[in-house]
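J.: I have a structure here, written as structure tokens, and I will follow up with some questions on it.
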Amino acid sequence: MTMLKNPSNKYRAFPAIDIPDRTWPSKAITQAPIWLSSDLRDGNQSLIEPMDAAKKMRFFKTLVQVGLKEIEVGFPSASQTDFDFVRELIEGGHIPDDVTIQVLTQAREDLITRTFESLKGAKQAIVHYYNATAPSFRRIVFNQDKAGVIQIAVNAGRIIKRLAEQNPETNWRFEYSPEIFSSTEPEFAVEVCNAVIEVFQPTPEQKLILNLPATVEAATPNVYADQIEWFCRHIDRRDSVLVSLHTHNDRGTGVAATELGLMAGADRVEGCLFGNGERTGNVDLVTVALNMYTQGVDPQLDFSDIDAVRKVVEECNQLPVHPRHPYVGDLVHTAFSGSHQDAIRKGFSQQDPNGLWEVPYLPIDPADIGRSYEAVIRVNSQSGKGGITFLLEQEYGISLPRRMQIEFSQVVQKETDRLGLEMSAKQIYALLEAEYLQATAPYTLKGHRLQEENGTSAVDVEVAADGEVIHWRGIGKGPLEALVAALPVKLEIMDYHEHAIGAGSNAKAAAYIEVRLDGERPLHGIGIDENITTASIRALFSAMNRALHQAQEAAA
């Protein structure tokens, strides 16, 4: 079978909701929602190999450490493993006083009863129940009419309320999900939820959670936002319910749907870290939270060490996080492109540590989430001088002058083309050493002595060449002019730069010099030494030897 030429014969667009006065497009997210992690339930049930008790406990503690205050810990009526885990959390005293666990149950009395058994002794808990409301599920799966669906929700609600009243030692909260909400007629979704509201009689002090799942993502995010706004306008006792979002990523827009849903009036978000979950996954709580953070909104979740969180999630889920995954992937803060690298390097050089973040191509400061700057710029055959310069500055304190950046980038480009691989900062520095710092032929500096008197410098240098030691002497207005006068070749200094590497007693000096030999094209040299004069002399020898070597190659 192949793709259809006319897919409308098989698929139809989801109907839009008519809200001519919709308000969500002009809204902004200005505060964090209530967050619930479903990693231990929705995430866990989607794994090839579900977590054992030890992994679940490790994951739970990580969620608490991140700052999650509501955590769905399992489906205890459907799994003995989940039941035992809930008991261990409660009996082992693992639940902090400010954290509420949530469990899921189907709308059946035996399963609800088993659920309450699992929660015995909990200080506080949310009982979350659901039944499917979408037309296709009513017709195909359950053969139920609308009245039958409402009756299921109401009957289950009454059982839950009764069992809660029989166990007053726990501070109970309740959540209802019209499953497949995003494919349910809006009027019917409100009708079912209003019937549930009548059962629980919520108040502004004791709110009922109405969770509105895009169980299967069926439309563009703006349609989901319209559904949420319409629901918020028409539901009874809006001040006594928390409207919760539970999006999936079947169309790849779970994050966008969640953000627009919050703009449309929702109060709460359910999801999983890094988007684990059924099929294409639940919404990624990390991405939603850090999207808020980069807009200046405190998400009230702490991802200061995002790689440690990722390590736990990968090991417990036995699934890798994609290298391009927002914020946490190995490559998301990495630039290979030369123009991108140049912009990033300039951004870092001008960034005010206490000012607004304005580094191009980086929507977040990697340091805020525990990332180093080492991986921000990586060099391959697509890279330019900006990336090379950045790595040398960050890792070795080497600040190449602009024209030298261009010259050395050609050296690196030639090497990356030869290797066909990425080059690390260490490899780039080794190339710099080989090209400039080890340019000791045909003349190797063995030593020098400088005398200065009345504004005149006299320099004596000891040089090794062709197995012999020779001496040069020159006089000039400064050490470099004196050295140029001593050289056996006609050398013209075009440019000179110097700076310190490091600080304090261990600091070294770096000198960069650009010379022209016999009127040929300019070339550069580098010298590094504890003494700035020695560094300058080494730089001149480096440039001279490189120029002589290239002249010899050209003649050959």
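Backbone N, Cα and C define each Cβ position, glycine as well.
What Swiss-Prot shows for this protein is this:
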type	residues	note
BINDING	Asp42, His246, His248, Asn282	Mg(2+) binding site
DOMAIN	33-307	domain 'Pyruvate carboxyltransferase'
REGION	439-556	region 'Regulatory domain'
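Describe the structural context of each listed feature in the structure shown, including burial, neighbouring residues and relevant distances.
T.: Under a cutoff of 8 A between CB atoms, and with a sequence separation of 6+ in the same chain, the neighbours of His246 (Mg(2+) binding site) are Ser38, Ser177, Asn211, Leu212, Pro213, Ala214, Thr215, Glu270, Gly271, Asn282, Val283.
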J.: Out of Asp42, His248, Asn282, give me whichever of these binding-site residues has the highest number of other Cβ atoms within 10 Å.
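T.: The residue with the most neighbouring Cβ atoms within 10 Å is Asn282.
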J.: Across the whole of the region 'Regulatory domain' (439-556), what does the mean pLDDT come to? Round it, please.
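T.: Average per-residue pLDDT within the region 'Regulatory domain' (439-556): 93.
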J.: Note the Cβ centroid of Asp42, His246, His248, Asn282, the recorded Mg(2+) site, then list each other residue of that chain whose Cβ lies within 8 Å of it, in sequence.
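T.: Residues close to the Mg(2+) site, other than Asp42, His246, His248, Asn282: Ser38, Pro213, Thr215, Thr247, Gly254, Glu270, Gly271, Cys272, Gly277, Glu278, Gly281, Val283.
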